[in-house]
Amino acid sequence: MAQTIDIANPTRTQAILNEYGLRAKKKFGQNFLTDLNVLHNIVEAAEITAEDYVIEIGPGIGALTEQLARSAKKVLAFEIDSQMVEVLADTLKPYDNVKVIENDVLKVDLAKVISEEFGDNAHVKIVANLPYYITTPILIQLLRSNINWDNIVVMMQREVADRLNAAVGTKSYGVLTLTIQYFAQATLAIKVPASSFNPSPNVDSAVVKLTPLKPTTVVENVGKLFGVIKGSFSHRRKSLWNNMLQTYGKDAGTKEQLTVALKSAQIDPAIRAERLNLEQFTQLYLALRDQNLTQ
């Protein structure tokens, strides 16, 4: 019976694509995972149990969703492509613990949806095979949301995975690195070759596991802290001082406030943002806040 064959089986994947006249859509960054070993390793990395509520982002034709449904209590899958939603209604028919929501996860009040679907105070695990072009904004939104999550296991481009734990002063170090450092610990779970997909992407992939961390220095407004960080990286080759002038203004009064803030935080204005660690950015934010400059 065809229905007993895993969706990720290469033959069945191709049959589904043929049946619905599907092609991977570049605008949605679609590549279909056809390596069952990788899928099993993703579920294992997420430590999915029969008591777990799972959020999946970008289910595609349901290859990963199927494996999650076999292990989890309930799976809530967000799919932006209406054509894929139609396919999922068929491929996931055997699983009554899966609900597919046709929406862009970046435009959803995830905390509200989780409360409605899983109940108040539910802890969730988030699993995703993310389109590479949108990996960073989705990760940042998830980490900065107020949802309770036990872990996040995400497939991403290997180059992006390397940025998560990039060292201070390196080319890969930036806003994403600092966001991860503030909220989570990132570990490389699986390396995934391009041959694991249909069609094969032009880059290798990696599965990364994020586990929540308590910040070493808690600030009262995380959004403003990362506003400072983002502004500091607005032009990587410019000095911190020049980026701050562009962000806060160039009038004499503002320059004086910036000078006081930098001195208070003990930061050289000529330094580039990539040379500052999270603690230094935190101190800079607090100093700018004291000068009423945080936006």
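Each Cβ is built from the backbone N, Cα and C atoms, and glycine gets one as well.
Copied over from Swiss-Prot, here are the features:
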BINDING   ASN31, LEU33, GLY58, GLU79, ASP104, ASN129  S-adenosyl-L-methionine binding site
Can you tell me how spread out the S-adenosyl-L-methionine site is, meaning the largest CA to CA distance among ASN31, LEU33, GLY58, GLU79, ASP104, ASN129, in Å?
21
By the 10 Å Cβ-neighbour count, the most surrounded of the binding-site residues ASN31, ASN129 is ASN129
Write out the long-range same-chain contacts of ASP104 (S-adenosyl-L-methionine binding site), meaning residues 6 or more apart in sequence whose Cβ is under 8 Å from its Cβ.
PHE78, ILE80
Tell me which of the binding-site residues LEU33, GLU79 sits in the most Cβ-dense spot, judged by other Cβ atoms within 10 Å.
GLU79
For GLY58 (S-adenosyl-L-methionine binding site), the same-chain residues 6+ apart in sequence with C-beta under 8 angstroms from its C-beta are PHE78, GLU79, ILE80, ALA128, ASN129, LEU130, PRO131
DSSP on GLY58 (S-adenosyl-L-methionine binding site), three-state: which is it?
coil
Three-state secondary structure, ASN129 (S-adenosyl-L-methionine binding site) (per DSSP):
strand
